[in-house]
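Student: The feature transmembrane segment is assigned by Swiss-Prot to 13-33, 42-62, 69-89, 109-129, 143-163.
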Amino acid sequence: MSKDDSIKKTVTIGLSAAIFFVLSCFASIPVGFNVSIETSVAFLAFIAVAFGPAVGFYVGLIGNTIKDFILFGNVSWNWVLCSALIGFIYGLPHKIIDLKYQVFTKKKIVYFWLYQVAFNFIIWGFFAPQSDLLIYGQPPKLVYLQSFLIVISNILAYSVVGIKLMSMYSCHYNKQATLIKINNS
């Protein structure tokens with residue numbers, strides 16, 4: 001990785017973590033049981049797919065840490081680590097999806113939608129509630145109800161906001177690439 005790439009990724013992480021925090025605070029819809037539909041989750045998926053797993057990991061880690069500390073006064077490290085992990089996992093297929101240089105086709109939309117559904121169930125439906133049970137000893141019914149609502153709200157947020165962000169980003173870069181090819185001809 002060149003020096004310019006590392007600077008771009010560092011700046012992307014910082015700005016994206018700040019946007020993640022702002023979206024968590026001001027662009028979420030409460031659904032009950034201390035659960036909200038978070039547009040920040042869709043933004044995390046977009047950033048991770050656009051810039052890769054390392055950026056997704058750090059945006060999830062830093063953004064969720066800042067959110068927890070400022071909103072709640074303490075940090076639930078198990079949930080922060082789950083956010084970081086989901087950011088990393090979202091970023092793994094970034095070279096396959098390649099929003100910057102390839103069209104975000106229906107096939108890629110369906111692929112990533114199924115991918116994020118599966119990993120939302122694994123991370124937020126299994127790891128997060130298990131960690132709450134082990135660390136905090138919370139009532140299992142409440143923990144699993146919350147995790148179910150979180151999985152559903154994350155899927156909804158990605159379906160509505162995430163797909164739109166990725167499509168717009170892909171369209172922007174693909175139009176630029178087309179214009180560059182036309183001008184160079």
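Positions of Cβ are set from backbone N, Cα and C atoms, glycine also.
Given the structure is predicted, the values throughout are model-derived calculations rather than measurements.
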Student: Under an 8 Å Cβ to Cβ limit, what residues of the same chain, 6 or more beyond the ends of the transmembrane segment (109-129), are close to it?
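Tutor: Long-range Cβ neighbours of the transmembrane segment (109-129): 45, 49, 78-79, 82, 85-86, 89-90, 93, 96-97, 140, 143-144, 146-148, 150-151, 154-155, 158-159, 162-163, 166-167.
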Student: Of the listed stretches (13-33, 69-89, 143-163), which one yields the highest count of Cβ-Cβ distances below 8 Å with the transmembrane segment (42-62)?
Tutor: 69-89
Student: Using a Cβ cut-off under 8 Å, which residues of the same chain at least 6 positions beyond either end of the transmembrane segment (69-89) come close to it?
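Tutor: Counting only partners 6 or more residues beyond its ends, the transmembrane segment (69-89) has Cβ contacts under 8 Å with 21, 24-25, 44, 47-48, 53-61, 63, 119-120, 123-124, 127-128, 131-132, 135.
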